[in-house]
Amino acid sequence: MTVDEQVSNYYDMLLKRNAGEPEFHQAVAEVLESLKIVLEKDPHYADYGLIQRLCEPERQLIFRVPWVDDQGQVHVNRGFRVQFNSALGPYKGGLRFHPSVNLGIVKFLGFEQIFKNSLTGLPIGGGKGGSDFDPKGKSDLEIMRFCQSFMTELHRHIGEYRDVPAGDIGVGGREIGYLFGHYRRMANQHESGVLTGKGLTWGGSLVRTEATGYGCVYFVSEMIKAKGESISGQKIIVSGSGNVATYAIEKAQELGATVIGFSDSSGWVHTPNGVDVAKLREIKEVRRARVSVYADEVEGATYHTDGSIWDLKCDIALPCATQNELNGENAKTLADNGCRFVAEGANMPSTPEAVEVFRERDIRFGPGKAANAGGVATSALEMQQNASRDSWSFEYTDERLQVIMKNIFKTCAETAAEYGHENDYVVGANIAGFKKVADAMLAQGVI
């Protein structure tokens, strides 16, 4: 049986066993396509059911999360934690609170996390979790009660050497605080390393808040350097206006680029003169308002609900909002308008059709598992500080982050070239991430 037939047969089986989970199917299909050339060159990676084991989570947890609102009404949400692979270290990955969360989305995120964490070079496995709870419009007390109920079940399954959750969409510093506080009460011990993204006064790390956005910009900067250019003077569009987008904007402008647009789920803002990051943070983090407020209050900025942020002419696009936000037509528009670099700050924000357009039009593309690995890398640095009862300076931690992102880019570029796909960072990221995990799994036996 040829490698193509082996992969096709396994993927057909995966579709049947995981019906109704399109995001998970999409993530697996992309990786399997890249791995065909590995299996042809190194057939031992097909031994002992390795591919099947890699695509099947070690553990999937689904649990009830009952909570009481401010009016005394009881609500019941569903909680998830997918502990996907621990060959390299304890499961590591965020918690997402959003109405769209279901098992398939958590599995897709957890699967991507395996390769992302592997690429960091740090000893962490892959996992992900969350709930279909919507924190929007909820009071602080309602969010606290939900987090406490969620942790009442989750605490049985996590620990600094077992599984270390963090934040994601809908889970920021406030939620991590409530989750950690309840874990501390349930476990009857102050186990700092059980969660990352903590507050600075109780075990958190400097740069963790900025890390995903900063890391994405460090990665795309390396992509640009590889073409003999500089990020300085480039025009950039950034989708989203949350944590990742905000700090990507901040770092890009620090390095001399001009960010000409950002967005949220309601619309997008054109900022031809650049973004006032302090104003954006005040609107989103303090007032928790829509991006339209930015356009109302900042001269030269305009708010739009028609069209798409991807319609703007730019040199670099950084999708930093959510999965599958950038489709094939958007990609064609970017290419027609002169975009030359795309790096994913979010998890799988580009559809397969968009990625294919990037390849066809020679747009250098940094996939999320590489470009947005700065967040989990700095989470692992937070774990190091917790384990040694230490606290590092902002400058030192940021330097570590820069080195990690440069090494990730170098690894992706060298691996892509080794397998005959020069400058295809998707192939490079998938193969490099896979080989490290696969070697560990083969060494540890069939478990």
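Cβ atoms are placed via backbone N, Cα and C, with glycine included.
Swiss-Prot names Lys92, Gln113, Lys116, Gly167 for binding substrate. Of Ser379, Ser388, Ser391, the residue it gives for the same site is Ser379.
In the three-state DSSP scheme, Gly167 (substrate binding site) falls into the coil class.
Residue density at Lys92 (substrate binding site): 28 other Cβ atoms are found within 10 A of its Cβ, drawing on all protein chains shown.
With respect to their backbone Cα atoms, Gly167 (substrate binding site) and Lys128 (active site, proton donor) stand 10 Å from each other. When the record's substrate-binding residues Lys92, Gln113, Lys116, Gly167, Ser379 are compared pairwise by CA position, the greatest distance found is 16 Å. Taking the C-alpha atom of Ser379 (substrate binding site) as reference, the shortest distance to any of the recorded positions Lys128, Asp168, Thr212, Asn243 belongs to Thr212. The shortest Cα-Cα distance from Lys92 (substrate binding site) to any of the recorded positions (Lys128, Asp168, Thr212, Asn243) is found for Lys128.
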